[in-house]
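These notes concern the structure reproduced below.
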């Protein structure tokens, strides 16, 4: 079985062409082992590219804990790059994921712009914002972000009574300019900080606009692994035409 490794701003994934249904999807232990950074290949998640009757392909995403999970923005961008490598698409595509249809384009510099699901509800609280951008996200400001204990503080909120057993991804934010924010994200399913989170970057951009921290509809999000751009339209409290833009790079391929 051939495996491909991709990364998008440091968020890394194992890709498998599963159009012939060769991968044992119910083998949680295998997914865990492949994603293990000491005993396997190492990745934040594993993604299967499968056939779909009405779109170019289907995305099936698993966290590194071996469980199928909700939408992954960086993973979606990497899967678009993978589909191009497999000659399934050229420079634009429509595919289906767990949260519905996604459109994407690839520019001349191999930067991928991925349309995310509309956000119709943003829950604003005193010291945090909660919203779903294909995956659930808690967004709050943090002082001294570079030295912040993301793993421990993120786990406290993720496992708190606030979100119950299902949990949430947790984003800690620092504003660096009127249109730029730095974030660090604790991802459920990985149960650790990741170098980047696409749905988290998207959630942060929308949360900052919804709370009046920025007036822009084009926001730069600096993550540990690089830079992402988020753009959207807003009408009252509804956000549409949301696009997550950034690099997605092939790392290597191997056979097991």
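The backbone N, Cα and C atoms fix where each Cβ goes, glycine too.
Every protein chain shown contributes to the tally, and the Cβ of residue 199 (substrate binding site) ends up with 29 other Cβ atoms within 10 Å. What Swiss-Prot lists as substrate binding site is 11, 63, 73, 74, 169, 187, 188, 198, 199.
Secondary structure at residue 72 (active site, proton donor), as computed by DSSP, is coil. The Cβ of residue 72 (active site, proton donor) lies under 8 Å from the Cβ of 11, 13, 45, 47, 61, 134, 135, 198, 199, each on the same chain and at least six residues away in sequence. Residues annotated as active site, proton donor in Swiss-Prot: 72.
Under the three-state DSSP scheme, residue 197 (active site, proton acceptor) falls in the coil class. As annotated by Swiss-Prot, active site, proton acceptor applies to 197, with the evidence given as sequence analysis.
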* Where residue 169 (substrate binding site) sits in the secondary structure, as DSSP reduces it to three classes -> strand
* Asked: Ranking the binding-site residues 11, 169 by other Cβ atoms within 10 Å, which is at the bottom?
  -> 169
* Chain-internal residues near residue 197 (active site, proton acceptor), provided their CB is under 8 angstroms and they sit 6+ positions away -> 11, 73, 74, 169, 171, 183, 185, 187, 223
* Asked: What count of other C-beta atoms do you get within 10 angstroms of the C-beta of residue 73 (substrate binding site), across all chains shown?
  -> 28
* To do: Tell me the Cβ contacts of residue 188 (substrate binding site) under 8 Å, same chain only and six or more apart in sequence, or just say none.
  => 63, 158, 167, 168, 169
